[in-house]
Amino acid sequence: MGGGECFQFVVHVVKGKWFTVFASLLIMAGAGATYIYGIYSKQIQKTLGYDEDAMNKITLYRDVGANVAIFAGLIAEVVPTWVVTLIGAAMNFGGYFMIWRAVTGKIAKPKVWHMCAYIAIGTNSQNFANTAALVTCVKNFPESRGVVLGLMKGLVGLSGAILTQIFLGMYEDDLNSLILLIGWLPAVVSVVFVFTLRTMKTERQPNELKVFLLFFYSTIVLAFYLMIMTLLEKYVTMGNAVHSKSAIVVTVLLFLPLYIVFKEERTLWKYKKERENPPSEMTIDKSEDSEPKQLAEEPKGSCFANIFNKPERGEDHGILQAILSVDMLFIFVISLCGYGTSLTAIDQFGRIGKAQGYNDRLVGSIITLVSIWNYYGRVYSGFVSELLLKKYKLPRSTMMTVVLFMSGIGMLFVAFPEIPFAFYVASVLIGFSFGAQVPLNLAMISEFFGLKYYSTLFNCAQLISPLGSFLLNAKLTKSLYLKEATKDLIAKGVDTSSVKDPTCIGHHCFRLSFSILAMVAFFGAFAALILSKRTKEFYEGDIYRKYRVEEDEAYKRYKGETYMMFREDSKAN
């Protein structure tokens, strides 16, 4: 390539849909600061002297900020994607920067409600990043949405470990600087790629799924490396040099997909040139530019219009049309049972390990591995459900049935820890199944109700998470645990009024609560099975037909053959 053509190629890459995937992955990799809240919350309490009641309030507002994503969805319906991205970046930096100023003494000690506002703003920003990146990629790759959702949500699951490794490499163990890093790094990434995230009208590549598999393999390598480093840090003392090198390795692995982007865009570049000069015997309408086009904002009517006059399943629904539908009711029930039980189990893993007599280091390692299994669940369910859908027309809710049944089995392993290796098996089953639920739920919402209001609808589903956690964790599991712990104190002749936070030791501590959680998970699996039967006919049809451009069959064959020819040529070179 000459200088001019080389520049044109770079512009082609940056404007391409695969570069949008790469940018989205980087944004999602920084959109999960809530996963390491347990690390920096201790620093907030230590430096500012908040009591437990104050910290409980701050934690509550963290959860509210992280889960009330509906505002990000509604805003995304009326403004361009770049505005949504900038709002998220500003909220992320503003919220965490104020927390950093407070813990470093640069401002007076904030009142508790001030700190609640800061943490809610900071954690709510991740919903704007999620909405901008995830919805854009789903709309750009509607026929691979399960794969896209698995990849994107998988990176969010790894983001806590990613930020931790970068923090240790840059600041070692200065927790004040961790808060600052969480504030500026995700914001900078969002600003850098702010105009990259856009919905484009492009043709589906014949090898689209194979390209996503390459992205998948690169994230698998990253996840495996993070798992090894996180476990080593619990057993081996590492110096500054090791942490710095580890941060560099993580950064390189994050940018590894850029090679995939350049490779695919190089093939598309050659393919584009050939398309501009097709064989003379073919008559082709070249009125449309072969470059990806940014789609104009589709006019949207009132979300209150035709609430009870719903379109067919798969067509674009209005917001209230979707929310008030029977299909969405099933999704809400499935989410309540699945997310509620999984979040409860993950929150209680520390107490479960202690009750069963495991040491703190082992319990910490198991909790770390749960987040890794969570990632694997997200990416595998996205890919596997997409393959089963394309090959066997299998509804995603059928796979959800299997996933929730798996989760219920994991709960039973906790309820009956006498089973050999019960704690380890439970951590794998619960972690994997929790992750697997996320892309399946989000994919079903997009398939049942269309993509027109997807920004709002997929964020509505997140509202179920805190409700399920509150009912099954705070009201059920914690209450039953406290009763078991109190019984133990009474049996030992200890005055229960003198013990503020009683601890339960033994196999009985979680038997009743997790038996109930298992039944709830099985009920969710049953609901998913009913939804599968309801939607079987829908999935047996061509659910992606509306996203394909109608073309002459001969030209379709020509395009496929030409593209694959240039792909083989690229491999040879």
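Positions of Cβ are set from backbone N, Cα and C atoms, glycine also.
Per TrEMBL, domain 'Nodulin-like' is recorded for 17-262. The domain 'NFD4 C-terminal' annotation in TrEMBL covers 323-539. Look at TrEMBL and you will find 278-297 tagged as region 'Disordered'. Look at TrEMBL and you will find 18-40, 82-103, 148-171, 177-197, 209-232, 244-262, 361-377, 398-416, 422-442, 512-531 tagged as transmembrane segment.
Here the transmembrane segment (512-531) touches the transmembrane segment (398-416). Their Cβ atoms form 3 or more pairs under 8 Å, with each pair 6 or more residues apart. Within its own chain, the transmembrane segment (361-377) is flanked in space by residues 35, 154, 157-158, 160-161, 223, 226-227, 230-231, 234-235, 346, 349-350, 353-354, 403, 423-424, 427-428, 430-437, which lie at least six positions past its ends and keep a Cβ under 8 Å from the stretch. Over the domain 'Nodulin-like' (17-262) the predicted model carries a mean pLDDT of 92.
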